[in-house]
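Asker: Sharing a structure here in structure tokens format.
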Amino acid sequence: MDVPADSHIKYEDAIDYWTDVDATVDGVLGGYGEGTVVPTMDVLGSNNFLRKLKSRMLPQENNVKYAVDIGAGIGRVSKTMLHKHAAKIDLVEPVKPFIEQMHVELAELKDKGQIGQIYEVGMQDWTPDAGKYWLIWCQWCVGHLPDAELVAFLKRCIVGLQPNGTIVVKENNTPTDTDDFDETDSSVTRSDAKFRQIFEEAGLKLIASERQRGLPRELYPVRMYALKPMPN
């Protein structure tokens, strides 16, 4: 019997791997940083995706557009994209060298009052404050959670959403219906079908999905998923 890919995940191995990676854009993007199309195309794709969703993401009850950047690395997504959409951003990241660099990268946004809390913790140990977030953004990080832990994490995120809040998951997909385990960083790349199954198990409704365009062909396909809690 085949062993599920996610059963091989070890948090300690992942932390060890990322702690040894350079705290740079090139480091956090696995060598596809400056000098490649990946950072620019990634930001363009995310910006366009959120703009298309704008009318479905209106804050309610005088809430501010408070976002949280999950698996934030050195703060690249917040610095280049999220701050254009959100009034304030919290960040969640367990790797100490990345957090140290994050303070440098986000200094200007912090001076403008756009940076809130920085949580030095892994997703599996993070619980959001109830009703706090307009947007929970998870990019290139949920592969470090086994399936059951990811379902539990998403359920906690639902509690952390404002009324009409949204969760976005932006992740690699396998081009097949099977999941791939990468022992290098102890992570799993999931199929599109597996993600949809996990979202349903967590009680989330998929309101939009789009494939990221313009990335090098040798990379996995990347897909964005916009999610809202299923009606009770």
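Indices start at 1 and increase along the chain as displayed.
Quick reminder: no glycine exception, Cβ is built from N, Cα and C everywhere.
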Asker: Looking at the S-adenosyl-L-methionine binding annotation from Swiss-Prot, with Gly71, Arg76, Met123, Gln124 already listed, which candidate in Gln101, Gln139, Gln162 is the matching residue?
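Answerer: S-adenosyl-L-methionine site check in Swiss-Prot: besides Gly71, Arg76, Met123, Gln124, the record includes Gln139 out of Gln101, Gln139, Gln162.
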Asker: Once the chains shown are all counted, how many other Cβ atoms turn up within 10 Å of the Cβ of Gln124 (S-adenosyl-L-methionine binding site)?
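Answerer: A 10 Å sphere around the Cβ of Gln124 (S-adenosyl-L-methionine binding site) contains 15 other Cβ atoms.
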